[in-house]
Amino acid sequence: MQLDTIAAISTPMGEGAIAIVRLSGEEAINIAGKLFQGVGEKRLTDVASHTIHYGHLIDPKTNEVIEEVMVSVMKAPKTFTKENVVEINCHGGLVSVNRVLQLVLNAGARLAEPGEFTKRAFLNGRIDLSQAEAVMDLIRAKTDRAMNVALGQMEGRLSKLIQRLRQEILETLAHVEVNIDYPEYDDVEEMTHKLLIEKASYVKKEIEKLLQTSQQGKILREGLSTVIVGRPNVGKSSLLNSLVQENKAIVTDIPGTTRDVIEEYVNVRGVPLRLLDTAGIRETEDIVERIGVERSRQVLKEADLILLVLNYADELTLEDENIFAAVEGMDVIVIVNKTDLPQKINLERVEELAKHHKLVTTSLLEDVGVDELEEAIASLFFAGSIDSGDITYVSNSRHIALLNQALQSIEEALEGVQAGVPIDIVQIDYIKTWELLGEIIGESVHDSLINQLFSQFCLGK
Ligand code: GDP
Ligand code: ZN
């Protein structure tokens with residue numbers, strides 16, 4: 001299969017000091033070679049694979065220097081797409097990246113469709129469908145930890161597990177066939193019955209385990225939803241800013257998703273937080289104040305973590321006590337802020353109110369106590385049921401839906417066998433389970449589904 005050479009901007013739009021224009025295809029190196037001028041170096045077409053080169057991009061029409069760049073050359077087949085790949089690293093900023101892209105397109109590349117790079121990797125047999133989707137998750141991953149889940153999936157952990165389950169089902173069906181073919185053995189019926197029950201129970205249990213991880217997978221992918229609450233002026237905005245500054249978000253949100261809250265993604269010692277803030281009102285973002293007690297309670301209820309801020313330099317008020325009441329039973333970290341000022345707060349009372357919670361004192365102004373707060377967040381997270389290591393997480397909603405369907409059909413199979421339904425009928429449910437699991441890794445998917453999936457990718461991936 002000979003595909004043309006495609007190109008696109010493959011870094012998140014807008015942000016970042018560096019942007020990448022990526023080319024993939026037979027002509028990728030030749031096209032980049034027409035534009036690139038290294039410093040006293042060989043031509044790009046002569047360099048070794050998997051090397052990086054510093055130089056300039058020249059517009060061949062005008063001989064004008066367009067950009068200072070670093071160019072990576074990766075020759076087929078050991079690349080993401082299994083094709084020749086060139087990555088042109090240039091200065092960030094829309095104007096300069098677009099200029100580079102334009103140059104590349106003029107030199108013979110075609111603008112890639114959304115997801116086309118990943119689609120090629122899939123078409124060229126480099127990755128299976130669940131891995132392709134994991135790439136999409138990776139692009140959208142907001143934090144390191146989420147990134148690891150996506151990476152694990154890319155490495156094929158989920159695929160391997162699914163393949164194993166499918167293999168079990170297939171072997172079981174094969175056994176059953178053999179048994180049916182040799183009915184002269186007395187105990188064949190009983191054996192078949194036993195085998196079918198045993199295997200269906202096993203597959204059912206494994207699917208259930210996978211589904212149990214899906215909620216955690218979602219948290220890891222989207223971040224723990226974290227709401228900062230407190231009276232006006234206690235330092236909520238300052239807290240948000242300091243968490244964002246010290247724990248730079250890795251990827252900006254995908255453009256075009258308008259929501260009525262601003263979300264800041266931060267990574268606190270490996271814990272992904274999605275800090276919630278109401279839109280465009282940074283100065284008075286106090287959620288309680290803004291949206292009224294009723295709705296704020298609802299926002300609070302949906303939160304995974306509450307950061308409750310109090311003012312060290314002010315007396316406790318009824319409002320403070322009400323906030324404590326509103327977050328009872330939740331995961332709360334209480335932050336007594338402004339310790340650089342003279343104390344007015346009754347700390348004994350605070351300790352009493354916070355007796356089920358972690359308590360931290362800070363001076364955000366002087367940057368004191370933030371480390372301790374981060375420690376508190378991390379230990380809360382890691383002490384919980386969420387495991388960091390070896391579990392295969394399912395975090396993709398298409399996978400979750402298919403797993404639920406597969407679970408249903410294997411349960412039906414199991415009930416059928418137990419109720420004495422004839423084997424050739426029960427087999428249908430086994431095969432259906434096998435097919436549904438196959439859809440997760442793209443082994444029994446229709447073309448249209450594949451196209452639909454890949455078109456969801458961001459441009460340039
Ligand atoms: P919010 O209304 O709860 O969001 O509070 P802000 O973060 O906007 O802070 C209110 C005021 O308190 C601002 O002038 C901050 O600079 C100040 N502030 C925040 N943290 C501290 C602190 O630790 N010490 C002192 N002295 N001032 C602080
Ligand atoms: Zn504020």
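Positions of Cβ are set from backbone N, Cα and C atoms, glycine also.
Taken from TrEMBL, the feature (6S)-5-formyl-5,6,7,8-tetrahydrofolate binding site covers Arg22, Glu87, Arg126, Lys461. Summarising the annotation, TrEMBL assigns K(+) binding site to Asn233, Thr252, Ile254, Thr257. Sequence annotations record features per position, and here TrEMBL assigns GTP binding site to 233-238, 252-258, 277-280. Residues or ranges marked as Mg(2+) binding site in TrEMBL: Ser237, Thr258. The domain 'TrmE-type G' feature in TrEMBL is assigned to 223-382.
Annotated features, which come from TrEMBL, shown on the structure.
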residue : record                                              : Cβ contacts under 8 Å, 6 or more apart
Glu87   : (6S)-5-formyl-5,6,7,8-tetrahydrofolate binding site : Ser10, Ile20, Val21, Arg22, Leu23, Val71, Ser72, Met74
Arg126  : (6S)-5-formyl-5,6,7,8-tetrahydrofolate binding site : Phe80, Thr81, Lys82
Asn233  : K(+) binding site                                   : Asn311
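Within 10 Å of the Cβ of Arg22 ((6S)-5-formyl-5,6,7,8-tetrahydrofolate binding site) there are 26 other Cβ atoms, across all protein chains. Not one of the binding-site residues listed as Arg22, Glu87, Arg126 brings a Cβ under 6 Å of any atom of ligand 1. Screening the binding-site residues Arg22, Glu87, Arg126, Asn233, Lys236, Ser237 for a C-beta under 6 A from any atom of ligand 2 leaves Lys236, Ser237.
Under the DSSP three-state reduction, Lys236 (GTP binding site) is assigned to helix.
Cβ neighbour count for Lys236 (GTP binding site) (all protein chains, 10 Å cutoff from its Cβ): 24. DSSP assigns Arg22 ((6S)-5-formyl-5,6,7,8-tetrahydrofolate binding site) to a strand in the three-state reduction. Within 10 Å of the C-beta atom of Ser237 (Mg(2+) binding site) sit 18 other C-beta atoms, taking all shown protein chains into account.
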